[in-house]
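Please read the structure below before turning to the comments.
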């Protein structure tokens, strides 16, 4: 009977001629197919390719008539079998195990792929598929997606499959233990007594290496750790020198609990600190308040305020010290006046460079009596000619950079005679070596501007400008210089008027 055929019915040459669920009845479509194929012409069967895996799954499920598929036959394998492989299941086996007729149409969102020839041979070696199935188009599904599907929609099937997995894991551990015990029984050869000390040394050496590596890893990589219970990052405590017990022993009266109670601890004052205390008469005035750093952009008003504050503090300190000394009927010693004047001078010196430091650095760039560099065989970097002739064919002396070997004619550099005379009074720099006079840095060339009188370079942010000004700009160094008339005629006119 067809009902008793079992799984062997799936291998019959005509598996789709009869329905195993209704062995005694046939559909009109089957009658028509029998009438058309009554021996005159054999029926044509299309060979299924790799794209017809879902149809083969549907056909096999129909042929089996939702017969029971044991969970032991649902195989999970790894492909590729190396470390980079992932775990997969065959869609045909999953559909038979879950009893789904059209698995691909019911779950189209699952990631699936066709098996390659090498993968089929690998499964054939593992006895997962038969030789007949190697010629069919098989589809692989990701095992994690299949497990999630079974948990959500087929909990009973998943529980049955979990039991099988646990039994397989238990059997694997048992087999591994048996192999290990057999290896121990085979390797029961006795160790020579003379080699035992050598083996002990090797074992101790290996243990020492492991301990050293572990300690080094703890010190370098795992010094701090995050405590999950307190949400605190634990960091090892630093190393401290421990004093001997005699030095840290607590006395009988360490500290006074109420005012006037005896205690053995007392503060030790230095001689300089005692001079400020009014034991009989204070030798020193109260110490001055610490100065706060003033911003450079405050201007001259801060200088005036600082000067007035210093004057007030000075007068106040003098009056305090004089009043205290007069009340006791003593004259201030010479050492007090000297120390007071010394502190006041040091304070003034400390306050002065804070305000005038940049200005002094600018003025220090112009060296009195400076002699420019002399290069005998110098060549202009623009016209490539010497001092004998410039680009106009006239003899003209060259100016030289103080930092490098570059030289040039003033006419080639579009410099006036006044600018050339000013350049020769300080170490002039060419465009490639130009640095800011205030900060001394060559960076931020887009913010660098040059004085029209001396050709010194300045950063806009070093002189307090937001952008490079348009038109003529003169630096602070040239503004402080005495004005010199430029034209001979105007100088003569002024002399006549005078």
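Our numbering is plain: 1 for the first residue shown, then up by one each step along the chain.
Cβ atoms here come from the backbone N, Cα and C positions, even for glycine.
The compositional bias 'Low complexity' feature in Swiss-Prot is assigned to 1-10, 285-296. Taken from Swiss-Prot, the feature compositional bias 'Polar residues' applies to 318-328. Taken from Swiss-Prot, the feature SUMO2 cross-link applies to 241, 385. The N-acetylalanine annotation in Swiss-Prot covers 2. What Swiss-Prot records for 89-185, 292-334 is region 'Essential to induce neural progenitor proliferation', and it gives similarity to another entry as the kind of evidence. Annotation source Swiss-Prot lists region 'SAY' at 89-295. Per Swiss-Prot, zinc finger is recorded for 379-436, 438-481.
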For the zinc finger (379-436), mean pLDDT (0 to 100): 85
Separation of alpha carbons, residue 385 (SUMO2 cross-link) and residue 241 (SUMO2 cross-link) (Å): 74
DSSP three-state call for residue 385 (SUMO2 cross-link): helix, strand or coil? coil
What kind of secondary structure is residue 241 (SUMO2 cross-link) part of, going by DSSP in three states? coil
How many of the residues that make up the zinc finger (438-481) does DSSP mark as helix, as strand and as coil? 8 helix, 6 strand, 30 coil
